[in-house]
Amino acid sequence: LQGLLLWLLLSVGGVWASRGPLRPLCRPINATLAAENEACPVCITFTTTICAGYCPSMVRVLPAALPPVPQPVCTYHELHFASIRLPGCPPGVDPMVSFPVALSCRCGPCRLSNSDCGGPRAQSLACDRPLLPGLLFL
């Protein structure tokens, strides 16, 4: 009887939880980022598409001798790269900056080769140079 009650509780909870999380699911969103080069006089902000949102995860309730369960992160599924030119760079300095543009996203393991797996930043734009705002790349 206890097994049946536990199964019923978990199945109803799963149905309720699947109706939609409180946070948006993993998806492409518009974000403003910054690009700069130490040799160029200005920093440029630009709008692009990144992956962000909630990925369902599980945590063991009881301590176990097993390794922790890997937690999925919102990461790129399909992407392409775009480039912008930093103005005012001196001769001999490459003024081009390339960045990924998310076409679609998925929940999966964190791969440091193409994702920033950290949490939210206190300051999303961090320019050491004077700011030249307003470029849009989607």
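For all residues, glycine too, the Cβ spot is worked out from N, Cα and C.
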Notebook entry, point to check: Pick from CYS40, CYS43, CYS51: which cysteine does Swiss-Prot list as forming a disulfide with CYS127?
Noted result: CYS43
Notebook entry, point to check: In Swiss-Prot, CYS51 is disulphide-linked to which residue out of CYS89, CYS105, CYS107, CYS110?
Noted result: CYS105
Next item on the list: With CYS107 as one half of a disulfide in Swiss-Prot, pick the other half from CYS55, CYS89.
Entry: CYS55
Notebook entry, point to check: Of ASN30, CYS40, CYS43, CYS74, CYS89, CYS127, which recorded positions come within 10 Å of CYS107 (disulfide bond), going by C-alpha to C-alpha distance?
Noted result: CYS74
Note to self: Can you tell me which of the recorded positions ASN30, CYS40, CYS74, CYS105 is spatially closest to CYS127 (disulfide bond)? Compare CA atoms only.
What the structure shows: CYS40
Notebook entry, point to check: Including all protein chains displayed, how many Cβ atoms other than that of CYS55 (disulfide bond) lie within 10 Å of its Cβ?
Noted result: 17
Check: When you put CYS55 (disulfide bond) at the centre and draw a 10 Å sphere around its Cα, which of the disulfide-bonded residues CYS26, CYS43, CYS74 have their Cα inside it?
Finding: CYS26, CYS74
Note to self: When you rank ASN30, CYS43, CYS89 by Cα distance to CYS51 (disulfide bond), which of the recorded positions ends up on top as the closest?
What the structure shows: ASN30
